[in-house]
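As given in TrEMBL:
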REGION    1-22  region 'Disordered'
COMPBIAS  8-22  compositional bias 'Basic and acidic residues'
BINDING   43-48, 95-98, 131-140, 166  FMN binding site
DOMAIN    237-478  domain 'FAD-binding FR-type'
BINDING   256, 492, 553, 554, 559, 560, 561, 562, 563, 596  NADP(+) binding site
BINDING   412, 413, 414, 415, 430, 431, 432, 436, 446, 447, 448, 449, 634  FAD binding site
């Protein structure tokens, strides 16, 4: 490192970044900028943050001033001081991640709430809007906990907890809640709305004509030029560019494309465990970006900055600036998801046809016909922003306002399909390419999977790279290798189990005694999409997998799924769980498979454990709390 006294990299970085004490005080900031409403967000994918921004913007319509805040950046012990500000209110938009966990940025706040029993929050006015998904076991656990805990600590709830369900229509849940929330605030504080709901810009456009191109962001997430000069530690703000060393199709036939990729992490100091997730930062397809530029008639290579009009805000820009429109639309903005209603509402003013204006505003309202129109015209038809502009020729917004309104393009998470004991310098991904035809006859493609599919190992002599980091998971093999393991994962749900199998094989090679390892895998057709067949059969033949059960759902008249094979093996399975302390792991689709599998376990416990349905349900719940029933599921 040259200089003997230099701090290790991460400490030095922290020293440079350490905020002054004043910066962590949201009370001082609110006083200084005469704000009286603060909206905290616990956000993993950006939605809760987006809702928080919308609520803080709303405040202006009621003659109040709001700010959105990341709880990770502030000292949350100051909540008790909010009463120093007249007519103050704290709103919490809290998402739940995974199995009832807080999002990464709300972890410290969650710990603080749990640890401080003697906190007196009697001067705090608050309300909570929770974001979750009904297909998960712990629906909205984080929002419910914050709501209940603040009340226990003496705070005053001024409006009911809102529950947003992403399995249904999260946007609609939010709008309905917000529609009732603001009148309650008005009544509580004795204020009223200020008439016409005009659109309020949050950022102003600056066009750079003579800027040094070395100062322009070209897709980096955090530090400028971080993709050229890579410095550990690598995380969500500083991803590592991993080279793709393998990219092969896994399935032998059928019309889907299942793929196996290997990313090289040599020299990155990145460590992972089997069961962790790898997050990748994808980019939008160039053809889509070009079409947007054409339809809006703009030069995409103009260098711009969008600067926050509120100079005190921690968020100076909506995405890294200065950059070009092309870079923003390629790397930073989500242009493929159907836009949320607030985007339509704000863009309505730019439609020259009054009928289009009216329809766009209607879709953003909470009237039944407005909701139905948004559901059918935007969601059911899977119209992204490009499709909306194509099908509404009178709508031609300025590109800078569009860029301000579109949500950020988010990292995508994949269960790692390898074991670091066997592959310390390589991370394996197993995924299915998303591509479907919409009701309007367009072909929609999944952003990340199509981008990954095109990551050829060498592209014109260059190595293809993927910006990535690791997200730790609770999905872990048992501490004792002698504990039996039951793995259930149809389709790409097999991913983490490939890592588990590699690890159990490695432990065996080390001469360790390894418990039974049982696999339930499901696919459509044996000769088409039986992925990793060779690896699984080899693991079975050398005794690493003590039992391999495969359900081919469409190879016979009746559909056969993993839960049917579970029941076929019920005596053996029950014995492993009840007598041998087995750990159960489920990975894959949350909506149907995980529910059906859980029901099968309830049936087995009822029948072979001689329990009532209630007892059987409680029995499985207990396994979950003990960490013996783990799920890694997505919807």
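Placed from the backbone N, Cα and C atoms, the Cβ positions cover glycine too.
In this structure the C-alpha atoms belonging to residue 256 (NADP(+) binding site) and residue 432 (FAD binding site) are separated by 7 Å. Annotation for residue 432 (FAD binding site): same-chain Cβ neighbours under 8 Å, separated by at least 6 residues, are 256, 257, 258, 259, 449, 491, 492.
On the backbone, the CA of residue 553 (NADP(+) binding site) and the CA of residue 412 (FAD binding site) stand 28 Å apart. Neighbour count (other Cβ atoms within 10 Å of the Cβ, all protein chains): 12 for residue 559 (NADP(+) binding site).
Checked against residue 561 (NADP(+) binding site) by C-alpha proximity, the binding-site residues 412, 414, 446 yield 414 as the nearest. Neighbour counts of Cβ atoms within 10 Å were compared across the binding-site residues 43, 133, 553, 563; the minimum falls on 553.
Comparing residue 46 (FMN binding site) with residue 430 (FAD binding site), their Cα atoms are 25 Å apart once rounded. Candidate binding-site residues: 95, 414, 446, 634. Nearest to residue 563 (NADP(+) binding site) by Cα distance: 634. Among the record's FAD binders, 412, 413, 414, 415, 430, 431, 432, 436, 446, 447, 448, 449, 634, no two C-alpha atoms are more than 23 Å apart, and one pair sits at exactly that spread.
Proximity to residue 634 (FAD binding site), judged by a C-alpha distance within 10 Å, picks out 136 from the binding-site residues 95, 136, 139, 559. Applying an 8 A CB threshold to same-chain residues 6+ apart, the list for residue 98 (FMN binding site) reads 473, 474. Within 10 Å of the C-beta of residue 446 (FAD binding site) we count 18 further C-beta atoms, all protein chains included.
Confidence annotation: the domain 'FAD-binding FR-type' (237-478) carries a mean pLDDT of 96 in the model. Here the binding-site residues are 256, 412; the one with the fewest Cβ atoms within 10 Å of its Cβ is 256.
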